[in-house]
Amino acid sequence: MENSEGVKIESTVVTEEPLISALDIALFVVIITVAYFWYFKRDKQSSSSEKKPYTIQPSSLSSIEQTSNSSFIKKLKSTGRSLVVFYGSQTGTAEEFAGRIAKEGARYKMKGMVADPEECDMADLVEMKEIQKSLAIFCIATYGEGDPTDNAMDFYEWLQNGDADLEGLNYAVFGLGNKTYEHYNEIAIYIDQRLEELGATRVHEIGLGDDDANIEDDFVSWKEKLWESVCSHYGIEETGEESNIRQYKLVDCSEVLPERIFSGEISRLKSYENQRFPFDVKNPYLSKIAVNRELHKSGDRSCMHIEFDIDGSKMRYDTGDHVAVYPKNSSELVDKIGELLNADLDAVFSLLNTDEESSKKHPFPCPCTYRTALTYYLDITSNPRTHIMKELIEYASDPKDQEKLKLMASSTPEGKKEFHEWILRDNRNIVHILEDLPSVKPDLDHLCELLPRLQCRYYSISSSPKVYPKSIHITAVLVNYTTPTNRVNKGVATNLLAQLIPTNDELPQPTIPIYIRRSQFRLPPKSQTPIIMIGPGTGLAPFRGFIQERDYARKEGREIGEMVLYFGCRKKDEDFIYENELQEYVANGTLTKLHLAFSRDQPEKKYVTHLLEQNADELWNIIGEKSGHLYVCGDARSMAKDVHSIIVKVVMEKGQMTNSQALNYVKKMEQQKRYSADVWS
């Protein structure tokens with residue numbers, strides 16, 4: 001016979017033994033136990049690796065330090081602070097406002113700190129009452145269809161799902177929104193109300209900033225009244241004029257080894273040389289430009305069709321998603337700043353936070369050269385805000401320049417008028433200011449601290465992954481315009497893209513960093529559901545992807561529902577983009593109807609909204625009688641609002657409803673994702 005290892009043994013005792021010995025049983029149990037733990041441990045690890053979100057942690061932080069950093073209460077207590085300003089920011093503006101409030105706290109004997117809610121344990125808010133005369137301020141942006149910013153999502157969900165007792169918490173909220181969107185400041189309003197429901201005390205009424213008008217003016221006006229309320233609530237007085245205290249200190253990095261110097265990477269050093277999946281906002285993919293062709297047939301404007309190569313990147317997108325493009329400033333503007341300030345742009349430097357407790361050690365990746373900072377990290381083309389005017393005063397040697405800056409930095413009616421006319425109306429950026437006020441010579445490192453971060457640009461993806469799994473298409477109008485001072489301002493991203501022309505030879509192809517941002521702008525789950533698409537100009541972009549996807553389904557033999565497209569442009573012979581493609585989809589039956597409006601091909605302007613009004617029966621047939629879906633993409637300021645009004649009117653008339661009933665019907669369509677908008681202002 002054989003033992004469990006298969007070795008033959010001889011028996012010298014002639015007795016009957018059991019078929020399975022105790023040793024056999026013991027070995028069998030051991031084998032089964034080992035196999036069980038090996039299998040389930042491997043399965044658990046596999047599952048964990050699939051579900052764990054990808055994050056980039058600063059290499060200098062240990063796990064212990066990261067844990068302690070999540071407790072903002074400990075930081076407040078250990079550093080004798082009583083003011084914490086949280087920000088929910090998608091583009092950096094809310095973070096900038098938060099920093100300004102925290103800095104001003106010193107004038108009211110409230111030492112402040114700025115905090116990212118994503119990096120904090122927000123349940124610690126219940127302990128704020130333990131700090132004497134404490135105050136929590138929230139600068140919260142709303143974006144998309146009434147969504148929280150990415151870094152405020154966890155906090156928003158905590159407020160929704162939790163029932164913490166926040167009695168003793170003193171707070172104030174400033175919202176950043178845009179009135180052209182339906183869900184204006186929805187997140188800030190919710191947070192303000194929810195904090196009160198949980199027992200917190202509102203020290204000052206909510207501020208609602210409108211980016212479609214003058215959000216800087218809204219913020220400054222609210223901030224001034226905020227401090228009045230703070231003084232009244234706590235029985236304190238302003239200590240005097242605010243001094244321009246630097247948040248970051250300059251560090252000379254001329255001795256740093258070249259391989260330790262950032263050269264445009266967003267977060268991880270050498271990330272463009274050593275690409276690692278997954279790719280996101282802090283870890284973009286360096287994509288090759290596969291196609292860059294002109295869509296306009298004639299005229300003085302340009303519209304580009306660009307295809308980003310994502311083959312081998314493991315990136316996946318859905319029809320309706322957005323692609324984020326990381327631009328860089330023109331070398332002409334960067335060189336001009338160096339010339340105006342007589343600065344060595346190739347000097348290597350770092351800006352280190354003077355607040356040792358801050359989780360944000362640098363304002364952008366450091367160390368780097370000034371040229372790199374001005375090219376990749378800093379916004380040098382937008383209109384500077386009033387706090388920058390204030391900081392520039394000390395660098396003006398001419399009294400006239402000083403007075404002009406002081407006026408624009410003030411909150412007087414005259415100051416606001418001057419800022420609006422000289423900065424906003426005349427569309428001056430920091431380069432123009434330094435040119436027009438020649439005695440203003442700020443230290444370049446201080447200017448780098450003051451300027452906001454250069455933000456990525458989002459474009460609706462104009463392709464379907466079913467048809468183009470290895471590339472992402474966008475449709476972008478080249479932005480160039482002349483300002484009232486006769487300067488030509490150029491769109492940062494589109495002018496960069498216009499230069500990235502792929503070649504047919506062996507030379508390296510042009511590249512640009514990108515990542516995919518998920519969207520709720522989706523086709524109906526069932527391909528048979530009829531849809532109406534309204535997209536004038538580049539608003540056509542996502543619908544090109546929609547049509548491609550339905551065409552793919554049709555070719556597979558699946559039934560597809562009606563597809564009606566409303567498209568408009570200026571002139572048929574100039575800017576009718578993707579004309580041949582659209583006509584082909586009409587011919588093969590994928591596109592049921594194509595309604596076209598060419599606004600300047602006849603004496604009277606003709607827009608897609610006019611066609612919608614004319615086709616009320618067709619509109620109601622699809623969205624009313626057939627429960628179809630309606631999509632709008634394009635300008636939020638006028639077109640999308642006009643479309644909404646027309647839809648309500650059609651529902652009233654064709655659905656035989658009152659105005660309130662029609663509004664409720666349309667609202668329900670939005671809640672059911674049957675009425676979706678992808679708009680911009």
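Cβ from N, Cα, C; glycine included.
Because the structure is a prediction, the values reported are computed rather than measured.
Look at TrEMBL and you will find 89-94, 141-144, 176-185, D211 tagged as FMN binding site. Other Cβ atoms within 10 Å of the Cβ of S89 (FMN binding site), summed over all protein chains shown, number 21.
Using a 10 Å Cβ-Cβ cutoff, K605 (NADP(+) binding site) registers 12 neighbours. The NADP(+) binding site annotation in TrEMBL covers R301, T538, S599, R600, K605, K606, Y607, V608, T609, D642.
Feature annotation from TrEMBL assigns domain 'Flavodoxin-like' to 83-227.
Per TrEMBL, the feature domain 'FAD-binding FR-type' maps to 282-524.
The feature transmembrane segment is assigned by TrEMBL to 20-39.
Cα separation, N178 (FMN binding site) to T609 (NADP(+) binding site), rounded: 23 Å. By the criterion of other Cβ atoms within 10 Å of the residue's own Cβ, the least surrounded of the binding-site residues N178, S599 is S599.
Checking each of the binding-site residues G144, Y181, Y184 against Y607 (NADP(+) binding site) by C-alpha distance, the shortest gap belongs to Y181. Within the model, the domain 'FAD-binding FR-type' (282-524) carries an average pLDDT of 96. The number of other Cβ atoms within 10 Å of the Cβ belonging to A141 (FMN binding site), over all protein chains shown, comes to 30. Per Cα geometry, T609 is the residue among the binding-site residues R301, S599, K605, T609 nearest to Y184 (FMN binding site). Pairwise Cα distances among R301, T538, S599, R600, K605, K606, Y607, V608, T609, D642, which the record gives as the binders of NADP(+), peak at 26 Å. For G92 (FMN binding site), the same-chain residues 6+ apart in sequence whose C-beta sits under 8 angstroms from its C-beta are P452, R453, Q455. Comparing the binding-site residues Y181, R301 on other C-beta atoms within 10 angstroms of each C-beta gives the minimum for R301.
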